[in-house]
Amino acid sequence: MSELFWFEKYRPRSFDEVVDLEEVKSRLREFVKSGNMPHLLFYGPPGTGKTTMALVLARELYGEYWRENTLELNASDERGINVIRERVKEFARTAPVGKAPFKLVILDEADNMTSDAQQALRRIMEIYAQNTRFILLANYISGIIEPIQSRVVMIRFNPLPKEAVISRLRYIAENEGVKISDDALETIYEFTQGDMRKAINALQIAAATEKEITEDVVARALGMVSPRLLRETLQEALKGNFSKAMTQIYGFVVDGGVGELEIIRQIHREVLRLDVPEYVKPELAYIIAEAHYATLRGARGLTQIFGALAKIRRLLKQAV
């Protein structure tokens, strides 16, 4: 297996290689076709393709000259807006290479910039608008000031669907000569919830421990409980077999080394999938949230887990 990070090794390099995101690809293809585009803001959760799509757009716009015409910056890495200003100024003062009418600046983690820095960024975008376009990347649109939002076309990136993530993981596993079970693929998706970067990294971590990846291999590699085992344990608790459930959970923590907060997070996911009336689910979520908060505050995690399971069983009995 290659030592290169698989997420980088298998990063798409064209629109056709990008899984899902059909609406986004359609809009960006129109910009490429017209040879012009506005400033853009890509926003959405981590691992949903924002950086990848920005780089694909650069390749599609500039072809072999995409590196010469593209400047990548990270707002959290740079030493301040003055550094960004100087780098953009130096980059924008020369003409684009090839036939492109403008150069491209990709600014990641733009929502981590202060309001003052974003105001300065807005002025930079206006000064160099004649021959430079900006793509701002952000996890949270609420972190971007309104004066910038009004000057860009905003494109939302949603968590990737399970089918798209699992298909990509299976493709990578085949290319790397790794055997992986369907249950293992499902477990990786459960752990990563539509974050493609996190999913591919999880696959690589699991593959580094075993050539044949099962659900249990994934769980051990990622420091989580096998979803199958957790569901079985939850069912024991809901049936009133607390002694058995407590023994199993104790084993997950002490013998398996799984963190109590991780177990609480997994219980939260499983509980909300129970076949119960919808009006009950907010109360279930609240019970789990209380246990999570108390554990974060220093309470003993196992005690919080056992207490939450008892409350959940009592609530579900009342709802029947």
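Heads up, the Cβ atoms here are built off N, Cα and C, so glycines get one too.
Annotated ATP binding site per Swiss-Prot: G44, P45, P46, G47, T48, G49, K50, T51, in sequence order, evidence recorded as sequence analysis.
Location within the structure of each feature annotated in Swiss-Prot.
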residue: G44; record: ATP binding site; Cβ neighbours (10 Å): 20
residue: P45; record: ATP binding site; Cβ neighbours (10 Å): 15
residue: P46; record: ATP binding site; Cβ neighbours (10 Å): 14
residue: G47; record: ATP binding site; Cβ neighbours (10 Å): 23
residue: T48; record: ATP binding site; Cβ neighbours (10 Å): 24
residue: G49; record: ATP binding site; Cβ neighbours (10 Å): 24
residue: K50; record: ATP binding site; Cβ neighbours (10 Å): 25
residue: T51; record: ATP binding site; Cβ neighbours (10 Å): 19
Counting only residues outside G44, P45, P46, G47, T48, G49, K50, T51 in the same chain, those with C-beta within 8 angstroms of the ATP site's C-beta centroid are F42, N139, F157, D195, M196, R197
